[in-house]
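Engineer: Pasting a structure here, questions to come.
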Number of protein chains: 4
Amino acid sequence: MAPKKGLLERLDEGVVIGDGGFVFALEKRGYVKAGPWTPEACIEHPEAVRQLHREFLRAGSDVMQAFTFYASDDKLSNRGNESSKKYTCEGINKAACDLAREVADEGGALVAGGLSQTPTYLSGLSKEATQKEFQKQVDVFMKNNVDFLIPEYFEHVEEMVWAIEVCVKSGLPVVASMCIGPEGDLHGVTAGECAVRMAKAGAHVVGLNCHFDPFVTLEGLKKMKAALDAAGIKVHLIAQPLALHTPDAEKQGFIDLPEFPFGLEPRTCTRWDMHRYAREAYDLGVRYIGGCCAFEAYHIRAVAEELSKERGCLPEASQKHEQWAGGLRMHTKPWVRARAGKQYWEKLKPSSGRPFSSAMSKPDCWGVTAGDKILKQKTEATTEEEIVDLKQKGRLMNGK
Amino acid sequence: MAPKKGLLERLDEGVVIGDGGFVFALEKRGYVKAGPWTPEACIEHPEAVRQLHREFLRAGSDVMQAFTFYASDDKLSNRGNESSKKYTCEGINKAACDLAREVADEGGALVAGGLSQTPTYLSGLSKEATQKEFQKQVDVFMKNNVDFLIPEYFEHVEEMVWAIEVCVKSGLPVVASMCIGPEGDLHGVTAGECAVRMAKAGAHVVGLNCHFDPFVTLEGLKKMKAALDAAGIKVHLIAQPLALHTPDAEKQGFIDLPEFPFGLEPRTCTRWDMHRYAREAYDLGVRYIGGCCAFEAYHIRAVAEELSKERGCLPEASQKHEQWAGGLRMHTKPWVRARAGKQYWEKLKPSSGRPFSSAMSKPDCWGVTAGDKILKQKTEATTEEEIVDLKQKGRLMNGK
Amino acid sequence: MAPKKGLLERLDEGVVIGDGGFVFALEKRGYVKAGPWTPEACIEHPEAVRQLHREFLRAGSDVMQAFTFYASDDKLSNRGNESSKKYTCEGINKAACDLAREVADEGGALVAGGLSQTPTYLSGLSKEATQKEFQKQVDVFMKNNVDFLIPEYFEHVEEMVWAIEVCVKSGLPVVASMCIGPEGDLHGVTAGECAVRMAKAGAHVVGLNCHFDPFVTLEGLKKMKAALDAAGIKVHLIAQPLALHTPDAEKQGFIDLPEFPFGLEPRTCTRWDMHRYAREAYDLGVRYIGGCCAFEAYHIRAVAEELSKERGCLPEASQKHEQWAGGLRMHTKPWVRARAGKQYWEKLKPSSGRPFSSAMSKPDCWGVTAGDKILKQKTEATTEEEIVDLKQKGRLMNGK
Amino acid sequence: MAPKKGLLERLDEGVVIGDGGFVFALEKRGYVKAGPWTPEACIEHPEAVRQLHREFLRAGSDVMQAFTFYASDDKLSNRGNESSKKYTCEGINKAACDLAREVADEGGALVAGGLSQTPTYLSGLSKEATQKEFQKQVDVFMKNNVDFLIPEYFEHVEEMVWAIEVCVKSGLPVVASMCIGPEGDLHGVTAGECAVRMAKAGAHVVGLNCHFDPFVTLEGLKKMKAALDAAGIKVHLIAQPLALHTPDAEKQGFIDLPEFPFGLEPRTCTRWDMHRYAREAYDLGVRYIGGCCAFEAYHIRAVAEELSKERGCLPEASQKHEQWAGGLRMHTKPWVRARAGKQYWEKLKPSSGRPFSSAMSKPDCWGVTAGDKILKQKTEATTEEEIVDLKQKGRLMNGK
């Protein structure tokens, strides 16, 4: 067997399909707790993490990203999270790498190690302290031979640049992805400027993940591309958006929407939304196309099916899914058979069955950002009094 | 270890929690094809089926229902489905029983064998021919020592009674569940009358599954209960609805909605909907409470959490889910911490983020039913011409 | 000129088109106060009342109903309304009759005198006291030679029967119309039974007005018709619904909707809704077809246009309105010219431009009815303390 | 009685309240035909036009704008409109001036003469030919002693400047108002640049009317104000928006929305929307605040009530409307009395009662503009074939 091609080589030659989100999927399956988003599932329930990797591999993902989200030491002991008593950053990250590698090898996929924004930075600590947290994760990734690194889910380009600096020292390809939208980062840096700074810091691929739906995310990427072009910088672009519609989100994305995180179901994208996303991303020049929260295997499969001509293949899971609903020809009910075809699904505007709900939400807009006292890391759990106080603050901020 | 209590004993003592839907979940994960809803996944990808069983077990399910939906011989060779060339009814059903038993034994759950309406009946064939199909599945179930039988997903009470007759001969408890709503079966028999006939045919538990949302389903169960009471019949009740909002569905349920089966996402129920469902079902006297299509592990967990006081325990998966969003106290963003509490989620009317979609859909209402020529079984795949013809028919029927 | 045909003769021969609502239209134009719905506009601003009559006449109305709504003496001094200091029931009713007659004579229309439910009844006073209020209005109508009487807007059939008894003594045709829906009156009498009692009390025409949209109203009329048929009673039917969509209203109609009375705009029916209403009413056998609150001249014109073949004529105002949007052929913008045609408008599902609003509302459901202390007549205005108290009560009743 | 203050003096001292729309109101009342928007109503039915003027005067309007919309000679004979056979531009404009003056004198209001964009310009004819049409209307206005001129409803600033040039020669104050939004005119000139050009051409007041809702209109005015400030130009600002919500309209405004002009009802603004509009317009520095299509008397009254403190008075019609729903204290139903207060109505998100409609529409976006062949003036009515052709074109343009 020929040696696997590396990430950059693959991007130069065509499209690389990322995977979907782990924390939302595993929360629904019962293995991850919303809030701390407990990455120790890799140790506690490897079979569940492994199975999710496999679903994405079958769906067409070229990358198995180790499930290391929020697995830095500082996160493991934040606000009542007691994971640090049982698990270490190193232990979790190693287990995650092992699982990713095991499944990646079943299908020739690459393994990526991910790291994200830290409570250390949000608490206003130094560059040195913040980079120390990143270095701990990168050390584990290096020891476990990941194929490349993904610093992702950063809301402040300053911290992102610090992360990239740590990552590039590894010598591995670095994919830098911020969780911001067209309006830019939380300190007011434009999306375009963020892209330029990431590239200048040494990232090989730059782009956006999480926080916004595919189409808002592509608006942000258009701004990034324009700024990179204007600066004469050539790097690849990555998009890994939510599989949730967020036209009503403001600067801070879906976190501000009142439905986050336990009432987001009606916003879930269909597979047909993903066909459109994949096509528009490709046409914009994005070559690393994947997903984040709420992206499940069938969303990734839709991306792979839309781009099957460009990639020259269909994913394994398409054996259970004929293009554009073709399998409905085998349905018992004749009127469902009549829905077998592209035009039907492309035009459908799906209803929510919720006549007492509005189409859009007014986001909470606290607008607090790194450096604000209220964001400081804290080991103890939030008390009842603090909750009451937070609710009151919310009412004042939003004039409710 | 003491011998496991049987189904009827458990129902007499308290609540039995069912599992969720397999075909929709496995379709999204890439193992089942929509249309024929290929149950051969049990043979092809046992790890995927096993994992789904485990998620339901961890979420609180007391029953592992073998994944044998549409696994009768006549279904395996319908309309271009070529499964019958590789697999037999017996092979698939046995594999399904093995997987269900394996996981059930990890947690003291019961194993159920399910059978559903047949192309044979829909094609207008005889009672004898139809019961022969049922007998083949029941034989496998008996050989594999299931704990009870679930004839479910029947739209005509006549066929349901035929199935019950086959099942009762096994000596096992029989749980009979029709996929109808408050308006009754497709031949015009009222929901109440259906319940009475099922009980008189020997079913120990009667009720409803699939086709409608939890609240429409409970409307149907109210009618069943009233009719059973009026007839002086004492049997237990079962509810296993969709996890999809269907206030706009008509007699034939969600199959008629234009979003079926690939655009249903915005209709997905939240966990909070399931709290309400579990409470209302319990208050109505329903004691077998589970789910069907789109019900995932977290929906079942919500049922188990709502009824934790009645059951005296919380499910294992609640280790990753504090009651009523309590885990949000550990969230980084202060305004998300402010959402930790019952009142917030109970009142939320979640938006869809889809301002160009309507809240409700006009269902296709072909209204064809058993005996109609268009429903006849057919081995060959549907042709292009037939699709065009079906679309035209749809336009005429609905005046579009 | 031949003498005008009377109401009953006209109904026997074909369709009689009623007029639209006065209180809502005149409130928007600045002549009537919402709450007491001040009918003294007839004296204060006769030109405004006359103009509204004319618009309905031009639009096709065969009846000019004198604007005497809530013009009984007891209403004029209710809850801070000080009209009774300046005006009398007799004075207002006479002025209203004069205006109606003046315009009716311009176009061969009939004049009707209307009377409605009374604070006297709601306060729990006697039949004698209540009928005395009715008699005062009927006396004015007789003195002013109206062509027939319309006791309308009654929520309790008991009071309605008392009103009919007073009216029939006049010898004029009596059109009895309740403001209830398919669920019946506020004391729990079914819609069908209400119809039968009205007819037995001597009404020549019975039916429904106000409180519900055209299609909910027709559901109620179906029940009335069925009960009358079952009782072997032959009377004509009247429908005068709202021009507001109220699928979400409960027993007490649009008064309970949170938008009443100052946020109802998005519910306003289009002219195309009225085509459908007119056709469905006619097909059901209703022969007195008009409107109530929010019905403006163009809604009545749409009714007249839909029934122009049956009536053998178009209304005068159709000189400014070609059938089914034909006049758009003269529009400057070509894409608006493309909308000239029936199919376009029949299929249109009009958007509200309000993505933060839901499609349906949860009605307040206090469910209080005649005899409840809180409904008692009271001369003094409502105090601040009472308002605070009412809000608190509302929260308790609706669990808000 | 002291001589009336002129427009500019009034604007320097405080707020001037405009009137609402005539064509939509009179179309609904049965006096104007949609499409050609027949201004000959002034001659045919002076009582109807006079009554509408009076309603606005009572509601607080300081200006009676003569109903001369689309009353230029070239409009009277466009696309099958045969008005020119019976009426002349001069005759209609004179009648309109007389009616406006008669009512203005009842309340100390000013009279304005309005002129709008012409088929002549849209057909690509010369500046000279276009200005000749304007001059004919201005001549009539001068002869009839109007107080000022309003060239309004222009989509191209080039034509607007030509109109201003004609108007300024009259020596009267000139109020120049374009029917564009924040995106600028149809030839691509920005809103800011339009404002500057209008002011430089000699307009004393510049701003926006029609085509967009109050809040989109104010977005446009913010851009105009910024550009005027940047250019060091001091003129007053005017806003006369629709009383229809149009967040989904594109560059060409509500004309492109599929609901135009016969399905716009659900978009109608409430009086509470107008309170917000008046306050935001005032805070932005707009001093001429009125309305256009769908603005009825009660909308103008709401503007006057919101600004009553600044103006030192309430309008006459407020005798029938207590501030912020205070009159509901006199309502019979206690739960409606509980709605008497500002907070209730400010927070209300009114429902449409239309669960099968979406919140927003996809506009037709033909994007044709002055100079396009399809916009050329044509005396003959549109034929059936042309309508079919237009529909086909629409489908192609919008990919439907």
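All residue numbers here begin at 1 and follow the chain in the order shown.
A Cβ is built for glycine as well, from the same backbone N, Cα and C atoms used for every other residue.
Heads up, TrEMBL stuff is auto-annotated, nobody curated it.
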Engineer: D:CYS292, D:CYS293 bind Zn(2+) in TrEMBL, but which of D:CYS167, D:CYS179, D:CYS194, D:CYS210 does that record place at the same site?
Structural biologist: D:CYS210
Engineer: What is the total of other Cβ atoms whose distance to the Cβ of D:CYS292 (Zn(2+) binding site) is within 10 Å?
Structural biologist: 29
Engineer: Using the Cβ center of D:CYS210, D:CYS292, D:CYS293 as the Zn(2+) site position, which other residues in that chain lie within 8 Å, going by their Cβ?
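Structural biologist: Along the chain, the qualifying residues are D:GLY21, D:PHE24, D:TYR153, D:CYS179, D:ASN209, D:HIS211, D:GLN240, D:PRO241, D:LEU242, D:GLY291, D:ALA294, D:PHE295.
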Engineer: Would you count the other CB atoms within 10 A of the CB of D:CYS293 (Zn(2+) binding site), including those on all shown protein chains?
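Structural biologist: Result for D:CYS293 (Zn(2+) binding site): 26 neighbouring Cβ atoms inside 10 Å.
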Engineer: Any idea what DSSP makes of D:CYS292 (Zn(2+) binding site), helix, strand or coil?
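Structural biologist: It is coil.
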Engineer: Applying a 10 Å Cβ distance cut-off over all chains shown, what neighbour count does D:CYS210 (Zn(2+) binding site) have?
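Structural biologist: Cβ-Cβ neighbours of D:CYS210 (Zn(2+) binding site) within 10 Å number 26.
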Engineer: Take the domain 'Hcy-binding' (D:4-307) and average the pLDDT across it for me.
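Structural biologist: Summarising the domain 'Hcy-binding' (D:4-307) by its mean pLDDT gives 95.
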Engineer: Quick one: what's DSSP say for D:CYS210 (Zn(2+) binding site), helix, strand or coil?
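Structural biologist: DSSP assigns D:CYS210 (Zn(2+) binding site) to coil.
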